[in-house]
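So the structure is just underneath, and the comments pick up after that.
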Amino acid sequence: MKAEENIEAARPTSPRQGSQFDVEIKGAGRDAELSATYGVTQRGLEPRHVHLMAIGGSIGIGIWVGIGSVLSKAGPLSLILGYAIWGCFAIWPLYLVVAEMCAYLPVRGSIFELASRFADPAVGFAMGWTYFFAGTMLVCTEYSAVATVMQYWSPDTNAAAWIAMAMGSCVLLNIAAVKWFGEAEFVMAFTKIILLVMLVLLTLITMSGGNPAGDAYGFRNWGAGAMHSYYTSGGAGRFLGVWKVVIYAAFTLAGPDMIALAAGEIQNPRRTIPRVASLIFYRIVGFYVIGVLAVGIICSSRDPGLQEALSAGKSGANASPWVIGIQNLGISVLPHIVNAFILLSGWSCGNAYLYSASRTLYGLARDDQAPKFLMKCTSTGVPIIAVAIVSLITCITFLVSSNAAVEVFFWFVDLTTTALIATYIWMLITYFGFWRACKAQGITKDALPYAAPWTPYTPILSLVICTLTIIFVGFDVFSPSASAASSRPTSPSPLASSCSSSARSCTPTRAARPSGAGSSPRRPTSSAAWPRSTPSAPSGRRAASRRTRGPAWRR
């Protein structure tokens, strides 16, 4: 009964939406059977939840604390340029094209399911498992960040205690019904947005003279240099400084993965996703570009307190350029308040990434790319086994009990960044397959619930930037001055390659043809349930073999 209710709830409600029947109708018999056996996730996320998750859900500890390191290395102007390049020319186009695909096909399994349809099942397999790795490492990153922040107030307490508290609370929120997860993220995202707005306003007021000393310092802190040379002198050094910021921005400025993963649990996705997409540019410019401009104004990149905090490996607000700048102005109460908000940011992002990693595992299981038992859902629609598996893996965060919490935080940053960028590249490749399929099958932009502007030129630009970033993500490792610790291998690229190769060797696959792309090879489409304008299923003996046999590891 639940399967039929979910199908009915997903029906389009306007003529423009009604041009296609919701994809969950496809393979309804198979989905009903799976739902009866394992349960199914529920569309419990309201539009207001999704809006706040898209705007503030990814504002984590990196924008508060870790940003001090790149500010010191690159300078304030390089900080602005790096975030603007990554945000406006890589993430914004990516967000728009993913919104176009997910609004058209808001399937459970999300972008990984779409990759299997429009690119290659092996790409969907590799993309899903690589993002699962990235999502799990992001949970670890935020848990270790919580430990670093708590050490601001209690430096003698073992960091493992704070890890356990953060982990327990996040698990509790993730095993509750998804609507309660949405409510918690709504409140926390709203709080983080308020904090960032307050800090930007505080910077504007104090730089104009509204501080205890009455000092209108303006852009005086840029006097130490707007752009610093990184690893070499001259123009090349300044370019490397900007590039270092671009790489760090790839970690802190999240892409559309969270919204794409939640597409199967969003109410009225064909209405909600386009509205969310229309706000992304303002999120990037308003919260990140203006935010990094403010932090470069309030704190000098050569501030002695910042340099000492970085060299000593201090944690939490002690290493935050925001807090250091506020203390320099003689304001003594705000640092504790800011640290509390920083703590909330780390906890919120840990909660959100636990959700995304568990839904990734669930989606892989639904697409026959992971064991079926991972699909087991509670009566409230929570994939309980997937949540438990991710939570067990994140126990590696307890490494902070034997290493400095800040050091472990940056380990996870390194491990996560390239995996995320690899996932973004595959998202763009998937879109090109979707775009070619629409062209080949005569599906116009007017038939889509949402059409991304300036395609295919903007996704091509995004693909170029993402590719260059992932190629040169570890360029500073090859510097003669790089230490052995900083030279450790942290790229998950071998994982991505091995996933794709394994998928191809276990289950022979081929790239989707534009004239026949659109349906999962494991979920054949009934012509009665799927309109003629929708991309049709692959045809031929080889595709039929893939549909009936399934992956080799299950045979």
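For all residues, glycine too, the Cβ spot is worked out from N, Cα and C.
As the structure is a computational prediction, the values presented were derived from the model and not from experiment.
Residues or ranges marked as compositional bias 'Low complexity' in TrEMBL: 483-514 (among others).
Look at TrEMBL and you will find 531-542 (among others) tagged as compositional bias 'Low complexity'.
Residues or ranges marked as compositional bias 'Basic residues' by TrEMBL: 543-555.
The feature domain 'Amino acid permease/ SLC12A' is assigned by TrEMBL to 49-480.
Sequence annotations record features per position, and here TrEMBL assigns region 'Disordered' to 1-21 (among others).
Per TrEMBL, region 'Disordered' is recorded for 483-555 (among others).
What TrEMBL lists as transmembrane segment is 52-71 (among others).
The feature transmembrane segment is assigned by TrEMBL to 83-107 (among others).
Annotation comment: TrEMBL describes 128-153 (among others) as transmembrane segment.
Residues or ranges marked as transmembrane segment by TrEMBL: 159-181 (among others).
The feature transmembrane segment is assigned by TrEMBL to 193-210 (among others).
Counting residues 6+ beyond its ends, the transmembrane segment (245-264) has Cβ neighbours under 8 Å at 41, 43, 45, 50, 53-54, 57-58, 60, 62-63, 66-67, 69-70, 74, 78-79, 81-83, 85-87, 90-91, 94-95, 98-99, 102, 106-111, 131, 135, 273, 276, 280, 284, 288, 352, 355-356, 359-360, 363, 413, 416-417, 420-421, 423-424, 427, 465, 469, 472-473 in the same chain. Summarising the annotation, TrEMBL assigns transmembrane segment to 245-264 (among others).
Per TrEMBL, the feature transmembrane segment maps to 276-298 (among others). Sequence-distant neighbours of the transmembrane segment (276-298) (same chain, 6+ residues past either end, Cβ-Cβ under 8 Å): 50-51, 54-56, 59, 63, 67, 71, 75-77, 79-80, 83-84, 87-88, 91-92, 95-96, 99-100, 103, 193, 196, 199-200, 202-204, 206-207, 219, 221-222, 249, 252-253, 256, 259, 321-322, 325-326, 329, 450, 452.
The feature transmembrane segment is assigned by TrEMBL to 381-401 (among others).
Annotated transmembrane segment per TrEMBL: 408-434 (among others), in sequence order.
If you look up TrEMBL, you'll see 454-478 (among others) marked as transmembrane segment. Panel annotation: around the transmembrane segment (454-478), residues 85-86, 89-94, 96-97, 100, 230-231, 240, 243-244, 246-247, 250, 417-418, 421-422, 424-425, 428-429, 431-432, 435, 486-487, 490-491, 493 of the same chain, lying at least six beyond its termini, place a Cβ under 8 Å from a Cβ of the stretch.
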